[in-house]
């Protein structure tokens, strides 16, 4: 699909950057020679816009071998960021898709500044080509034919091998994020814990990873009472899924990802209202993020050791379902008083984290659509984070900045720990109250990480979006897939 060339040949469409400073630049003047000065006229008439994210389509009318030029407005160079570039290219690729373009090119060097080099631009362009043109996988009888971009050429004076490598990495990041999106968008009668486990096994086998899928009997033997409690009301069997990637000869410095895999959450006996229940098929967004990251890791083969653990079940109501006031025993041996059956994700993660440690994880990152409280605190564009280790958090933060998936650290104070330990009957309670809800959930999970360096990522606000945006349609976003993978790729770098 991807090619690198030094000069333009014949293409259906070409993407070109247009900064505020480019109105009279030598670059525009050179391109304008073929248009006999018409580009300058369009700029002066403001029909060719340099405004951020503005997409201006110009037909060559046979003046060049390119049928259409798509000029991408990027504003002033001083305010140019990777986020600006991602959003603008997202709109550009949507425009190409709407025009059913199959052969396109990008004048890569037109996007290069002292802030972003050609490798950065190539990575982002290939990544966004997948993200921006993703479409919801529907179950409608009448399916529309989709025209795919079949050829994409980067025009640049830079080293072709380096640019090809950046295009490949970006493409893998985008494709894996879309894989996660598709998982989250699947209906719960299709994506059960069993089906999620089957997907994970196929992924592991494709990339020659080791894997384990624990069945209910094995979980009982290991004392995974927290996950099993959540599963009590269901006719669907639970699964504890583990993928093991060995990127080093020696099994050390193991990064452990733990993704919440609740395939549907009714709230249990602490039942959600109707309007709060619709959409709970997405409560396995953390599992999808982890699996998406493992897809990238499998493709790119970084020299790191990684474990991905997914505790999976649905949370439903029946005569056998767990109840408020129950006391359960987790795999760690810690007992938990259940005050809210709708705070089930942290119970599943408790056993998931303990199991990841058992498998040898030296560093932990859990990802979960955990609390409505984090949405109240941070909105729908920022993921909440908590940690017991600032050094590990800084690495996660740097990865999130590189991928433009912003995170914000929430605190853990001793008084928060005291609140989750406030129980007359057990070591912990799973829901101390609504105040500081996101912090309480993260603090609870931290009790199972114990001394192992750990970062908690609450993606309840960022996992899905209610409307179309520059990088995709409404629905799942694939939040944290690229951040987790980038963390592994950069782990330990100074």
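Numbers run from 1 along the shown chain.
Cβ coordinates come from backbone N, Cα and C, glycine included.
Predicted, not measured: the structure shown is a model, and the values here were computed from it.
Between the candidates 283, 326, 351, Swiss-Prot assigns the Mn(2+) 2 site shared with 260, 265, 344 to 283. You'll find the Cα of residue 346 (active site) roughly 17 Å from the Cα of residue 272 (active site). Listed in sequence order, the recorded positions near residue 342 (Mn(2+) 1 binding site) (C-alpha within 10 Å of its C-alpha) are 265, 272, out of 260, 265, 272, 283.
Excluding 265, 342, 344 themselves, the residues of that chain whose CB lies within 8 A of the CB mean position for the Mn(2+) 1 site are, in sequence, 230, 262, 266, 267, 268, 270, 272, 283, 315, 341, 343, 345. Within 10 Å of the C-beta of residue 272 (active site) we count 15 further C-beta atoms, all protein chains included. According to DSSP, residue 265 (Mn(2+) 2 binding site) is assigned to a strand segment.
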